[in-house]
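Comments concern the structure below.
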Amino acid sequence: LLSQFDPDNTGYISTEKFRSLLQRHGSELDPHKLEVLLALADSNSEGRICYQDFVNLMSNKRSNSFRQAILQGNRRLCSKALLEETGLSLSQRLIRHVAYETLPREIDRKWYYDSYTCCPPPWFMITITIVAFFLYNGVVLDRFVLQVTHPLYLKNALLYHPQLRAQAWRYLTYIFMHAGIEHLGLNVVLQLLVGVPLEMVHGAARISFVYVAGVVAGSLAVSVADMTAPVVGSSGGVYALVSAHLANIVMNWSGMKCQFKLLRMAVALVCMSFEFGRAVWLRFHPSAYPPCPHPSFMAHLGGVMVGITLGVIILRNYEQRLQDQTLWWIFFSIYVIFVLFAIFWNIFAYSLLDLKLPPPP
C-alpha cells in the first residue's frame, strides 16, 4: 500500500489519493471510523497526510493529526448521529449515554463508543467509595458514620486536626471520615453519579488526579484560611469532579446533548449548595467538644478551585496529551505554587501568629 500511494517513500499520502482510497475501501470500514478518516482529510490544509497517522487511526491510536481533525470537527458529519442508531444492546446504550453525558463533540462520542471496552472498569471511584463507606466506618468502627457528637469523632488517626498537621497522611485520609450520615450520603451519591461516568471516559489516571488534587487542596486551604478547625469528608475531591464537569458543560453548552441538562445542572447546584450551607452552619454551631470547633467548610472551596482550573483542562482535552497544552501548565504551576506556599505556611505561620489551637484529641 505504501509503495502504491507513496512511490517516493516520503512518508506522506496526498489528500486526493487518500480520498480515493477511502472511496474504494470505505464499505469495509466501520462507519464511525470512516468519519474520523474523512475528518482527518478535511482538516489537513497541506494537501497530504502522514502515512503513520493513517496507520495509527486504523489501529485505534489517537494521533496528533486526529486531534487536529477534532479541532476542525465543526463540519457536517456524513452519517446519522450516534444518538439515532437503533438496535443497540443494553451495554451499548449505556456507553452511548455516557458519551453524550460527558463529551461535547459528535466525532469524539463516536470514537469513544467504538473504542471503549470497559477494560479496565471505573475501579478508582468505586474503590474509594467502598473504602469510605464500608471498610473504615462499617468494619473498623462498627458503625457507618460518626456524628460530630460521638466520643470517637476526634480520636482517630484519619481526620485532619490542626495540632496533628505534622502527620502528613491526615491531609489525605480525612476523606474517610464524615460528619453525619447526610454528609456521607450526599458525597457518596455525587461521586458515584458524576465520578464513575467521568472515569469511564477519561480514565482512572486523570480522574484520580483531579480527585486527589481536590482533596489535598481542600485540607491545605483549611490549614491556611481556617487554621484552628479540623477537616472531615471527601467534599474536596467530590467538589473538584462535580465543578469540573459542570464547568465543562457550561463551556460546551451548545455541543452537550445530555438530556435535561439545565434541570440536572440546577439539581446538582442545589445539592452542592445545600451541603455547603450545612457545612458553614455546622462550622459556626457550638461545638460538642469545646474548645475544638466543628469541621471547616474551606475544603469545599479548595475542591471547587481545583475543578474549575485543572479539572476543566483535563475534561476538555479528551485523550489528548496534557503536556502539550499551555493552559494546563499554567494551572498546574499555580497549583504547585499554592501547595508549596501552604507547606511553608504550615511550617512557619502557626508559630509566628501565636495562635491558640485546640488541644490534641
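Every residue, even glycine, has its Cβ placed from backbone N, Cα and C.
Listed features, source TrEMBL:
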- S235: active site, nucleophile (ACT_SITE)
- H300: active site (ACT_SITE)
- 1-28: domain 'EF-hand' (DOMAIN)
- 123-146: transmembrane segment (TRANSMEM)
- 207-225: transmembrane segment (TRANSMEM)
- 231-250: transmembrane segment (TRANSMEM)
- 262-284: transmembrane segment (TRANSMEM)
- 296-315: transmembrane segment (TRANSMEM)
- 327-353: transmembrane segment (TRANSMEM)
Top Cβ-contact partner of the transmembrane segment (207-225) among 231-250, 262-284, 296-315, 327-353 (pairs under 8 Å): 296-315
Closest-packing stretch to the transmembrane segment (296-315), where packing means Cβ pairs under 8 Å, from 231-250, 262-284, 327-353: 231-250
Cβ-Cβ distance under 8 Å to the residue listed as 'active site', same chain, at least six residues away: G218, S235, G236, Y239, E275, F276, A279
Mean per-residue pLDDT computed across the domain 'EF-hand' (1-28): 67
